[in-house]
Amino acid sequence: MKNNLLIVAIFCIGLGLRLYPALTQAPWLDEIYSLYFANNFSALKLIFQPPEAHPGAYYLLLKILLNFSTNLFLLRTITSIIPVLIGSYLIYRQTKSNFLLAVLLLNPFFIHMSWQLRMYGLTFMFSVLLIQLFLNSSPFNHKKFLLLSLLSTLFSFSLIIPVFCLYLYQYSREKNIKNLLYFTLIPLEFFITKGFFTYKKYVEYAAWINSPSFTNIPNTILTSLGFGTDINNLTSSTFFVALLFFLIFIPLVYLLSKRNKLFFYTFTLPLLITIAISASFPFLSQRFFFYHFIPKVSLFIPRFLLPLSLYFYLFLLQSFNKKHQKLLLFVLIIFWLNPNLILNLNSYYAKASPHNYPSNILVMPPWENLRLNSNFTRQDLNKISQDFDTASIIETDLTRISENPDCTSSAKFNNFVYLIDPRVKSISPYHQQMQQLLTLCYQRPLQNQLPKPSR
């Protein structure tokens, strides 16, 4: 009875920590992307070649739900919070571990990824379903695992590398080449849905992500494990802090990998592959021959590591007895207090508030100034579409500016005044890393009659 009350309490706290930001946080840039794609593209277009870096199954699900409700809180709850609760329950049912349940429901990174109008809550759930099917099917059911893998990667490409490593693990056990042949269907699905000749363009929509380096690897990994707040991999540690991190992290991962082969195949190897791809692709994409088919993109961002973070804690459990688990959980909760406060309890993204700028000033980009109410309508979604078109033109100009800092690369700059709202937080590297350049280029003396931008 006492244990049941503890389980209910953990679930209630975990649910509350997700419902609060889902109810109070204004939609941020990527969530508006979700609404834009779901509202403006057909089901066929969303599955085959959606014009963005992510797969389209989540947008298709959101498109269906928008026919029944446009309540932001409800949509966040259905597509993100509920899948995470389901995944956490499935793990608890399998392990009967209060410690692991508390880790999954109280970890600030998992919380942050599970209240947004994005595919990360479903990524969490599919990560659980994949590892449970892999571990519980004896003999290994190739067809079921392949079908679940294909479905999962339609929602999140971040599952491709973990699935590949699970197939490698199965191959190491069975020494049967068909395990690797089954996996080839997943890259084939990727090229079919993204297009054999267009995948490079779509993947490079995420080209803003920084490549891994000695000083930014610690922040990204620590954030993905719940100890940091660098959600977009935009900051770096000092050399001393980075060195200290590697001196602790590498021996720990080596020890856990040596003790548990599954830890190696579900965390260590996928992490090494992700770092290798993220370091090599931006370099090779600028070299002769390779630039034809290798996209200029890095995958090294905390949300791409979400499945790996889940598996890290899942198999970390096996290295501690129950007494040590309680002590470890207490230490984790202490370290998680500040990230939870910053990411989930405070307003990490800009609060909803009207902006009364003069009509002859365009705030760049328009959709970042669009803060929807929780009960937005189809008309609001159409407004996103209009702003999206204008912002695309401006983003093109910004790309030119980044290559020509004297601000003379486009005649349009004589016609517009772009102002940045400092309260708006975005994944845009132009906002985060080029603030000084934008200020120099755009904050010009206002003229009386500035023409409005053409749509």
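Each Cβ is built from the backbone N, Cα and C atoms, and glycine gets one as well.
TrEMBL entries are annotated by machine, without manual review.
As annotated by TrEMBL, transmembrane segment applies to 73-92 (among others). If you look at the transmembrane segment (73-92), the same-chain residues 6 or more away from its ends with a CB under 8 A from one of its CBs are 7, 11, 14-15, 18-19, 22-23, 58, 61-62, 65-66, 100-101, 104-105, 110, 113-122, 124-125, 127-129, 132, 314, 374.
Long-range contacts of the transmembrane segment (147-168) within the same chain: residues 47, 53-58, 119-120, 122-123, 126-127, 129-131, 133-134, 179-180, 182-183, 185-187, 189-190, 193, 265-266, 269-270, 273-274, 299, 303-308, 311, each at least 6 residues beyond the stretch ends and with a Cβ under 8 Å from a Cβ of the stretch. According to TrEMBL, the transmembrane segment annotation covers 147-168 (among others).
Summarising the annotation, TrEMBL assigns transmembrane segment to 180-199 (among others). Outside the transmembrane segment (180-199), and at least 6 residues removed from its termini, the chain residues within Cβ reach (under 8 Å) are 47-49, 55-56, 142, 145-146, 149-150, 153-154, 157, 160, 163-164, 167-168, 171, 295.
Summarising the annotation, TrEMBL assigns transmembrane segment to 234-255 (among others). Distant neighbours of the transmembrane segment (234-255): 210, 213-219, 221-222, 267-268, 429, 432-433; these residues of the same chain sit at least 6 beyond its ends, with a Cβ under 8 Å from one of its Cβ atoms.
Look at TrEMBL and you will find 262-283 (among others) tagged as transmembrane segment. Taking Cβ pairs closer than 8 Å, the transmembrane segment (262-283) reaches residues 131, 161-162, 164-166, 168-169, 207, 209, 211-212, 217, 221, 253, 256, 294-300, 304-305, 307-308, 311-312, 314-316 in its own chain, all 6 or more past its ends.
Summarising the annotation, TrEMBL assigns transmembrane segment to 289-315 (among others).
Here TrEMBL flags 327-349 (among others) as transmembrane segment.
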